[in-house]
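*Asks:* The following block contains the structure, expressed as C-alpha cells.
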Amino acid sequence: MAASTPLLSRGTLIKQGAEAKVYALPSLFPEPTTYHPGSSSSFSAASPTPVILKHRFTKTYRHPTLDASLTSQRLTFEARALARAAKAGVTVPKVVWVDEKAGVIGMERIEGWSVREILGGGAEGEVEVIEEQEIEEDVENKAEDSAVREEPEGPESEGLKALKNLGVTQEHLMRSIGAALARLHKTMIIHGDLTTSNMMVRLTPGGSGPYEIVLIDFGLSSQAQFPENYAVDLYVLERAFASTHPRSEKLYAGVLETYAEGLGEKKWKPIQIKLKDVRRRGRKRDMTG
C-alpha cells in the first residue's frame, strides 16, 4: 500500500478532472495530543494545518510504464516549480508531501478568496470538472474559450468587501497580480494555466501589507525558453479575464502595466511583441472557428 493511501482516504474530494483529483484534509497527520500524568485533561500540542492533496491517478489509456514516467515527471516538476517560485519571492502554497510512486503532492490549503470570486465571477463549485489539458506551448490549445459572456453585475463579493474595508481597490489588486507574475516569470517558469481561479487573495494581518496574492495549481507549469512562452501565459490570463469578467479591459491593462514595470523594459519588449502576435493568431482562430 502506498504511503499516501491513508491520507487520501481521510480527505474530502473537492475537485475532479481528467488529470487529477484534489482532496482537502484538516491536517496532514492526526493532531498530536499531550496527556499530563495524574490529570484527566489533555491538550493538543499545535493547531492543525489544513492541506490539499492532489492525486494524479493512473491513466488506463496509457502504457503503464509511460504513465508512471509521465506522472513522476509532472509531479516532480510541479514541486520544484513551487520551490523555485517561493525562493524568488512569489507567494505559493508550501509543499508538505510528495509521493512520486503514488502520484500525490500535498500543499498547504490557502485560506481566502480567488480573484475570480472577488471580481464577481462566482465561487468555484464544490466538485469542479476540469477539461483535460496537456503541457503544450501551442496557443491554440491554451486559449480555447473565445466567447465573451455579457453578464449583469451582481452584488459585491465577500472578498471585495473585505479588501475595501482595508482600503484596497480593484486597481491595487491588479497591480499586485502583475507584480506577482513578473516575479514568477523572472524565474523562467510559466504557470501554464493562468486564470483568476488560480490566484488567491489571502489577508495578512500584521504582515508587510493587508493582503497577498498566492498563485496556485502549478500542474501545467513548465520551463520557459522563449519570449513567446511568457506571452502565451499572459494571453491565457487575458482570455480568462475576458470570458469570466466582462468589461475588465482596464483591469487587465493594470496587470500588464505592473508586469512590464517588474520585468524591466529590456525583458518586456520581446514579450510584448510576441503577445501582439499571439493575440492576432487568437483573433484569426476566433473568426475561422
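Glycine is no exception: its Cβ is also placed from the backbone N, Cα and C atoms.
According to Swiss-Prot, the protein carries these features:
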{"type": "ACT_SITE", "residues": "D193", "note": "active site, proton acceptor"}
{"type": "BINDING", "residues": "I14, K15, Q16, G17, A18, E19, A20, K21, V22, K54", "note": "ATP binding site"}
{"type": "COMPBIAS", "residues": "140-152", "note": "compositional bias 'Basic and acidic residues'"}
{"type": "DOMAIN", "residues": "8-289", "note": "domain 'Protein kinase'"}
{"type": "REGION", "residues": "134-158", "note": "region 'Disordered'"}
*Asks:* For the domain 'Protein kinase' (8-289), provide the mean pLDDT of the predicted model.
*Replies:* 85
*Asks:* Any idea what the Cα distance is from Q16 (ATP binding site) over to the residue listed as 'active site, proton acceptor', rounded to a whole Å?
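*Replies:* Given the Cα positions, Q16 (ATP binding site) is 16 Å from the residue listed as 'active site, proton acceptor'.
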*Asks:* In Å, how long is the longest CA to CA span across I14, K15, Q16, G17, A18, E19, A20, K21, V22, K54, which the record gives as the ATP binders?
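*Replies:* That value is 14 Å for the farthest Cα pair.
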*Asks:* What's the CA-CA gap between A18 (ATP binding site) and D193 (active site, proton acceptor) in angstrom, rounded?
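*Replies:* Cα-Cα, rounded: 15 Å.
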*Asks:* Would you please pick out, from the binding-site residues I14, A18, V22, the one with the fewest other Cβ atoms within 10 Å of its Cβ?
*Replies:* A18
